[in-house]
Amino acid sequence: MDEELIANFVSAYLKKKGFKETEQAFQEELRQNKTNSSSPSSFIDVDVAKHLLSFSEAENIPAKYLEGYSKLRSWAYNSLDLYKHELLRVLYPVFIHCFMDLVAKGHIQEARTFFNRFREDHEMMHLRDIQKLEGVLSPSHLEEMEFAHSLRQGKVNIKICQYSYEMLLQYLHKTQTTVILGIINERINFQVFPGQPSSISDDAELVTLTGSTQDTANQINKKEVHWGLLEDSLEERLEKAAGLLSDSEKAEGETKDGDVDENKKRTAEGGKQGGSIKKVKKDKTASATGKTLRAEANSASMAPRVKPELALPIISTEVEESILEDLRNRVQLSSVALPSVSFYTFINTHNGLNCSSISYDGALVAGGFSDSSLKVWDMAKLGQQAGNTVLQDENDMSTSDPVTGHTSGKRPYTLFQGHSGPVHSATFSPIGDFVLSSSADTTIRLWSTKLNANLVCYKGHNYPVWDVQFSPVGHYFASCSHDRTARIWSMDRIQPLRIMAGHLSDVDCVQWHANCNYIATGSSDKTVRLWDVQSGECVRIFIGHRSMILSLAMSPDGRFMASGDEDGTIMMWDLSTGRCVTPLIGHTSCVWTLAFSCEGSLLASGSADCTVKLWDVTSSTKPPRTDENKTGTPNRLRSLKTLPTKSTPVYSLRFSRRNLLFAAGALSKNASTA
């Protein structure tokens, strides 16, 4: 056994790791051993010497990394199911450090081969990290790139039960893969605990889904999803009624046209004739509206009909008439007929505004603040008090009291107080008579906009509640939280009806399907999930985002879903297949809000980059033509228009039933001014 070779390797290793005092002590011990008369053979144990020499040899053989990791991966995936998810947590840190060690030793080509072979295992949970490491092409990059440098300097903490830890040690001892053993010793700090293995949802940053990620999603995505609209829904009945009413109006309009022709013959006064012509134009407009509504009814009838899984609330005749009026006056939007946009701007918020919400008719605007307050503005009253029209350009709504230009001593908003932590989300009921708010205090509160009072406090989540959304029919609502769950509630019960658990990190946003039989959730684990509200079962997993999901929107026909993430990417999904139809690239920062137009032809997106973008949905959801594929043109969603604000990140969007687009945000001094 070459004692000097071993000593040199140990000394070099200690020096490399920065253990100066240990190295000095080791050198001193070597000198003492040389001066002593004792036999050199007693200097080191034979078994230890073999391990050290094999480790030093393996340090310079790239194939050892590939072989060692492959064996560890195969062993972990073939372990008992009870312990598999814990053992799989070891793979990611071993993978990245094998790659970086190969790069550090100058084996660039072998490092790329290793990286590309195993990267798919970790792309779901660590896609952003994988993309960063993809740019490491030389040893100097490991020092220059802050992310890689921090990885090599620190350790990864992994929770693991005692039995899993002992199985791992037995495997490493049996295989004697010294490269992997060295990485695990240097780079991983095990937090061993007695008893049963932890849940797969614990420590989301260290969890890898068992098996292939895409295969797991594909298995779940085979489940049947009934994405159609509700049978005999209110809107369907009202659209049919509106269509019939429009037919009668058209006949009445034709009669009036004949009367006008008679008036032209009998009347010689220009003023009266002009008045008659205006009347004719108005009647023609009403007729065109009727045609539009019939077209929408036809497109809606193409969607399949499903039965409701929840007991639907009864809607009063007065509300039905109000919705009917909105439907009759709905504007048909398309790529050549873009919506009118009304933008509400909060000023003087002092960075205290966390969220905003707009009622279905745009009459009420709510803001949730860091001081635990919820404030609701009535646009009609604000316009009267300010002495001018409200829906012009970006309207100023001050959170200070009084508002600039406000003459009365009263507050221009209704103040709702009750939460004991920052308010993170607010949502209006479809009629606008209630508003829900969720808070960091783990509660959800129901407020009456008629009584200006808190009615119920819902408790169930264990951590801050990031989002809450009323269902399209009211009465029911969904919430999501830092506790990695989403919950279904009804207004008349203080306990949740369903709990949806499965995400591996915070559930950041939630959205109802148009038929109320499903909810979608977006998470910091970079996935979107679709849940059946009756069974609480996950029926779809949508994989493709590279960062946390911040916003969701469902198409009116219930077939498509849009999701926006922290990087500014929006993805359009087909719920029936679980596949991405097309990505929407254009925003340069977080997409905080999404909204479909009422007929589903347009998608509006609002971002922290201070813009609202309008996208043509109809062109993207059509199957691609063969001639387009030949030219290599991707079937991507077409951006129709970008609407920049002066310096206002867009917090919320809402298409009213009449297809007017409302938007809201807080004026930001940090954002770049136009």
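Backbone N, Cα and C atoms are what each Cβ position is placed from, and that goes for glycine too.
Taken verbatim from TrEMBL:
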| type | residues | note |
| --- | --- | --- |
| COMPBIAS | 247-269 | compositional bias 'Basic and acidic residues' |
| COMPBIAS | 631-640 | compositional bias 'Polar residues' |
| DOMAIN | 61-188 | domain 'TFIID subunit TAF5 NTD2' |
| REGION | 243-300 | region 'Disordered' |
| REGION | 620-640 | region 'Disordered' |
| REPEAT | 416-448 | repeat 'WD' |
| REPEAT | 458-499 | repeat 'WD' |
| REPEAT | 500-541 | repeat 'WD' |
| REPEAT | 542-583 | repeat 'WD' |
| REPEAT | 584-625 | repeat 'WD' |
Beyond the flanks of the repeat 'WD' (542-583) by at least 6 residues, Cβ under 8 Å:
124, 127-128, 131, 213-214, 217, 221, 225, 227-229, 299-300, 302-303, 505-506, 508-515, 520-530, 589-600, 603, 605, 607, 609, 615, 617, 620-621, 634-637
Recorded stretch that, among 458-499, 500-541, 584-625, has the most CB pairs under 8 Å to the repeat 'WD' (416-448):
458-499
Could you break down the residues of the repeat 'WD' (458-499) into DSSP helix, strand and coil, giving a count for each?
0 helix, 22 strand, 20 coil
Residues sitting near the repeat 'WD' (584-625): Cβ under 8 Å, six or more positions beyond its termini, same chain?
296, 299, 330, 332-335, 338-339, 341, 343, 550-557, 559-560, 562-572, 574, 635-655, 657, 659, 661, 663, 665, 668, 671-672
For the repeat 'WD' (584-625), jot down how many residues DSSP puts in helix, in strand and in coil.
5 helix, 19 strand, 18 coil
Please list the DSSP helix, strand and coil residue counts for the repeat 'WD' (542-583).
0 helix, 24 strand, 18 coil
DSSP-derived helix, strand and coil totals, residue by residue, for the repeat 'WD' (500-541):
0 helix, 24 strand, 18 coil
